Amino acid sequence: MFMRPLRCLTGSSSELTCSPERRRDGGARPGPVGAVSPGRGGLLSARSLLNSINRADGKLSISMVASYLFNRIKRIQPLHLFILCFTTGLTSLVRGGPYWFQIMKTMTDCKTYWWGNVLLISNILPTPSKCIPWAWYLSLDFQCYAATPLLLYFYKLNKGVFAAVAGGLMLMTIASGAITTALLQLPVFQPLSGLNLDYMLYYYVKPYTRYGPYLIGVLNGIYLTTKKDPVVKHKWQAALCWFCCLSLLAVVVGLAYVLKEEPTSLSLPHAFYQGLHRSLWALAVTWIIVACEEGYGGFIKSFLSLGFWLPLSNISFACYLSHPIFHHHLYGPSRDPDPLHRLKL
């Protein structure tokens with residue numbers, strides 16, 4: 001499931017039974033949560049696997065890793081592959097229209113690149129053609145998820161080695177995003193005026209430009225699982241952290257508008273922003289999770305813990321995978337010059 005109430009993620013022991021996503025051992029059951037937030041995905045994967053390691057006397061075995069990966073595949077692939085087959089099958093049965101060529105391209109791409117979805121590597125294929133292209137995030141999320149056992153192996157082996165590896169990975173993902181943006185003169189987001197293929201192909205969907213938030217989530221998961229004392233001990237410290245968190249979120253959003261123009265030459269501001277903004281956003285969200293865990297969440301924790309999030313969480317994964325099908329078959333046959341105007345409502 002994509003969303004879970006926050007009390008089921010970080011609450012007290014009395015709150016850990018509020019969601020079916022909690023296992024009987026108290027660990028977080030890994031799910032495709034990463035499609036909403038890579039930071040939360042990393043947190044849950046690290047917390048779940050670390051709890052399993054602790055129950056096994058601190059040993060990370062090959063069978064444990066195999067079970068960890070198989071459970072993930074078992075949860076995401078049945079619906080993912082069903083949508084793949086359903087999309088290609090339905091397309092051949094529905095009438096065409098002026099915009100139908102886009103849907104036909106998806107069906108053609110599925111005949112050629114279906115194996116990328118099966119192997120969960122569609123995001124790293126060196127081509128803009130993808131089968132059900134909106135599912136690229138499942139591949140990215142699984143690749144990040146599969147790296148967690150290695151990180152926790154280093155964590156259990158030697159804390160100094162783990163710090164060096166984690167720091168190196170963070171520097172790598174920041175540098176790769178910045179360098180890719182600088183060399184290809186990429187915008188900070190996909191321009192509305194047209195599709196920038198380099199932005200999607202070399203930056204937006206790649207694990208080496210997106211791993212930073214997931215890594216921050218893993219570090220947060222390790223902290224929440226192993227902490228003995230709260231990191232914030234006074235209310236003034238919590239207030240300062242909230243101020244920094246909200247300020248950081250505002251700066252990340254604001255700079256996107258300042259840098260909204262597509263660069264025509266090498267632009268250092270665009271490069272630095274692209275290298276840092278996802279990790280900075282994840283860092284701010286990490287404080288929100290920690291604050292709720294340590295009793296400084298206030299009304300935010302209360303709101304995120306409301307029960308009405310549960311039914312939404314139960315359908316969010318299916319909605320993510322299926323909603324583009326309805327979009328395509330709504331505007332594909334349309335003869336409107338602006339076929340999406342009905343969707344804008």
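Heads up, the Cβ atoms here are built off N, Cα and C, so glycines get one too.
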Transmembrane segment per TrEMBL - which of 56-74, 113-131, 208-226: 208-226
Selection from 134-154, 161-188, 208-226, 238-259, 279-299, the stretch that has most Cβ pairs under 8 A to the transmembrane segment (306-326): 134-154
Long-range environment of the transmembrane segment (279-299) - Cβ separation under 8 angstroms, sequence gap at least 6: 6, 9-11, 37-40, 43, 170, 173-174, 212-213, 216-217, 220, 223-224, 230-232, 235, 238, 241-242, 244-246, 248-249, 251-252
